[in-house]
Each structure stands twice: as structure tokens, then as C-alpha cells.
């Protein structure tokens, strides 16, 4: 269904082991340009490990092709330079620095390469997150959970990534804020940013995504177009259920 | 003690304190960004001072050859790394060759300058610049050779390597500069009369340059994106990596700054005190006391603490000169007590 030339990220047979324990056992995953791909699955399925390995934070075996180039040993700094952004689960903000400093640092590599048009990007990020503009002089550590998530996403956007990887963006956030974050995710796709979204909130994730992978025990258990998976009986039983009906409301 | 003696001692205290403050700041900077306690900081001071003295006496110092040797090792390692990753990727990235050529060319140029100029006759500013050009590259190269391969090791390992490097550098200092102490000519001979006392012009130089340097550091860290990037690395290493700020880059830059500050301090105090190849340690240790007073975290408190160390040292020299060092280093105990009693234990989330 997708042809290779429009693939932005192509992961083949990715394996990660913590000592003798295999956390990922040969993952194949593709993200085409301009799409939202989501990875859902229970706790401990290896979702965060997957993103860390693609980013080069964890050592891995297998092949990672990004933007048509094979990354022999994925290196964080190099991948960031090629346009891959990761918003990690822990956000990893610069807590004692101001919101604006955090954002400016997101564009560090662009600045280092002589790109001086940071102000335009900064204005775009502020228009996407007016809350951050209100709090631009505040220390990042004093923000609320939702604002921190916005800052983490905004900071990653300052680097003008081609592919943004989001790890549990709704984790620990109030339902209304979650909804806001998902609205922004769809906004971003409209602006041409491809997204790899890792989520526990399966219903919301399947709603915004084009394509989905279900990760279980370190391997891909199911994959397919998101709309199709959302109707799949097994997915409904395992991840959607009746109890999470309210999530659908929030994701709308 | 009368007023005149107090002013003289105060003058000494502030001069030494200013140097300790510079060293405290650079120890703090290196520690927060790389987790390395830079024990060899003092050696950069003596290398700076003794190189300046050698240049003033017209001898081309052998330090240039040491630099050349280290640069060659450094380039060989970089090129090997490039070869290895290049073979894996199936395409070579030839950027490293250009960098190696620049580094070797720079060192060769320095060596030519050292051996062709009549060093004793060039203006003092040129001598100082040449000294800095010679000593400062040691910082990033030492980081590359000894700390970059173990950058993610436990901080205790980093400390051990740091001590080893200090011992090695003291030995190399003896080899390069010999056991004699050296003193350089003061920047200018004039003095200033302030009320009843004479202010030595070198004292003013030390204080002015220190203040200028501290202000420059402040501006660099508060206003420029590169400075903010270094701070960001200190605040959150993983976050900084995700922004493409590589720890290697941050490490090399902080080491370059530390060497610059150290060598400049050496040049500044060389006309006031006689420095030997092994004098650096005790000087940087006093800067370290200042950094401890600041809790290895606060820049302004570290600077003030270091100036206080200089004052205490000067006045204890008058009252109990035999116990001068003991008094200074005992200062650390009440501060450690106070720190450990007042600091709350925060569980690291990791």
C-alpha cells in the first residue's frame, strides 16, 4: 500500500536486549511521509524502548532507515540534525530555565548551522500554544503537567522535524488537556509533520492515526489502517472495552 | 595591626580571592556540565604562568611539541573512528580529514612562530596571546583523549581519571619547565596612591581582568544560545542530547573555557608570586573550597566564597602564618556541616 520512496522512517528487524532479556524481538515498522502512525499496547510491551532504540538512546540491532538513509549506529545528535524529533515520556525539560530558553534551545542545531530564522518558528510555536507565550518568562519547572507537555512538543517543533515521535503525550494529563494535545497532533499533520505516536490511550490514538501497530511482549501482534483496527474485535476487547467509552468522547 | 597593614592585607586577599573566584567558577562549570571534578585546573594555571615566563626569557618552550604529539594522537583516533563508521555505512564522511588538517596546521603554525620569533622582544600582549594559544588547546584535547571515551562512567571513575591526569601533568610540568620557580615581568610598573597606601598596578590588573571575565561569562551563559546550550546540558543531559547538543561538544567547550581561565589566571598572577611546576594544586584547591561553599551549584555564592577564602588567607598570614593553609581548609568543615544539615534529600526520579 505504501511505496518505498515516500517512506520517512523504515525500521527493519529491530532488536533490543536489556542484558539477556529481549525487550524487542525483531520489529518492522514504517512511517510514510505526512501520516500519523500510532503504536499501542499494554504496559511493558516495549513501546518506549522502541522509540529510544530508533532515536539511538539505546543500543539496538537491526536497520533504521530515516529519510532514505541507513543509520548504521543510530546517533541521537545526527538524527536530530536530519529532522527526527523525540518528545520522551519524561519530557526532559530544562526545569530551571525559562520557557522561552527551552524553546530556543530546541532550535540549537539549526542555529549552529547558521539558520537565523528562529523567531519565525518561535512565533509559530507560540501561536500553536498561546499558553506558553503567556508563561514565556516562567521557569519550566513551575509549569503544570499539561503545559509541560505543550512545552516539550513546542521545543521539539523548534527543530523543524520531519518526523516527530511522541511518547505517551497524554500520560498523567487531565482529560480536557488530553483532548487539546490530540487536537494539536492533528493540526501538526495538516502542517506536514509526520508523527509516530506511542499511546496507552488507544481509542484516542486510533482516532487520529492513519495506520496503527499493536505491540505485545516486544513484538508486533497486529497492524493495519487505524480505522480498521479500531473495529477489530480483538483490539476492542483488549484495549478499547466499554469502560473507556468516555475516551472516545474526549478524542472527538 | 594598624589601618595601613589591614589595607595591604586586604589588597592581597582581594587579589588572591579574584583568582580563586575564577578557578572556582571554572571548576563549577566543568563539574555541572560534565560531572568531572577538574583536579588538573591548577596545572593549567602553572602551565600558563611558566609558559609565559619561558617566552619572556626567550626560550621556545617544549610545550609546543607536546601539543603536536597530542594533536596527532587525537587526529589518528578521529580518523580511525571515521573509517570505522564509514565502512559500516558504506559511505565515507570526509569532514574529519578537514578538521584534522586544520588542527595540525594550527599546531604547526604555533611551532613555527615559537621558533622564528625572538620571543623576549615581542610586546607583552603578544607574549600573553601566544601563551594562551599554546595552552588553551590542551583543554579540549585532554577531554577528547581521557574523558570522552568514559563520559558516561560513574562520577567516581571520572574523579580517579581526573586525579591521575593531575599527577601526570605535574610530572610533565617538571619535565618541561624544570624545578626552578619562575616570575614574570609585571604588566606595567606604575602604582596608584590611594590615601595612605600604594596600590600595586598588577593588583588592579588582576581584579579588573577577573571582573571582566566574570561579566563575560555571565553574558555568555545568560544571553547566547551556545551558553544556554551548556547550561541546558548541566540541567538535563538527556534533554540536551535530544536537542542535538552533543555531550562531546559540551565537554570540549567547557574544557576549553576552563583551560582559558586557568592559563589566564596563571599569566595574571605570575608577576606577583613565584610559581613552581607543582604550585597549581594548592591554588586550585582554594578555588575548590570556594566552589564547595557554593554547594557545587551556585555560581555567585562560589565566587563570593572564593573571595572570602582569599581574605581569610591574607589575614591569617598576618596572625598565624604557620597555620595559614590549615585555617583556609578548615573553612570547608562548617560549610559542609551547614550544607548537610540544611539540604533536604530529594529522591532523583530515574
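Backbone N, Cα and C atoms are what each Cβ position is placed from, and that goes for glycine too.
Just so you know, TrEMBL annotations never went through curation; they're auto-generated.
TrEMBL lists B:20-42 (among others) with the feature transmembrane segment.
The transmembrane segment annotation in TrEMBL covers B:62-79 (among others).
Annotation comment: TrEMBL describes B:100-118 (among others) as transmembrane segment.
According to TrEMBL, the feature transmembrane segment maps to B:124-143 (among others).
Remote same-chain partners of the transmembrane segment (B:155-177), defined as residues 6 or more beyond its termini with a Cβ less than 8 Å from a stretch Cβ, comprise 34-40, 42-43, 46-47, 50-51, 53-54, 61-63, 66, 142, 146-147, 277-278, 280-281. Residues annotated as transmembrane segment in TrEMBL: B:155-177 (among others).
The annotation transmembrane segment is assigned in TrEMBL to B:203-221 (among others).
Taken from TrEMBL, the feature transmembrane segment applies to B:242-269 (among others). Beyond the transmembrane segment (B:242-269), the same-chain residues lying 6 or more positions past its ends with a Cβ under 8 Å from any Cβ of the stretch are 15, 19, 22-23, 25-27, 29-30, 33-34, 38, 41-52, 128, 131-132, 135-140, 142-144, 147-148, 151, 184, 202, 205-206, 209-210, 213, 217, 226, 229-230, 232-233, 275, 284.
Residues annotated as transmembrane segment in TrEMBL: B:301-320 (among others).
Long-range Cβ contacts of the transmembrane segment (B:326-342) within its own chain (Cβ-Cβ under 8 Å, at least 6 residues beyond either end) map to 285-286, 289, 292-293, 295, 305, 308-309, 312-313, 316, 320. Under the heading transmembrane segment, TrEMBL lists B:326-342 (among others).
Here the transmembrane segment (B:100-118) has Cβ contacts under 8 Å with residues 58, 60-61, 64-65, 67-68, 71-72, 74-75, 78-79, 130, 133-134, 137 of the same chain, all six or more residues outside its ends.
For the transmembrane segment (B:301-320), the list of distant contacts is 1, 5, 9-10, 12-21, 23-25, 28, 214, 286-287, 289-295, 327-328, 331, 335: same-chain residues at least six beyond its ends, Cβ to Cβ under 8 Å. Tertiary neighbourhood of the transmembrane segment (B:203-221): same-chain residues 11, 14-15, 18-19, 21-22, 25, 29, 187-188, 192, 227-228, 230-231, 257, 261, 264, 268-269, 272, 303, selected by CB-CB distance under 8 Å and a gap of 6+ residues from either end.
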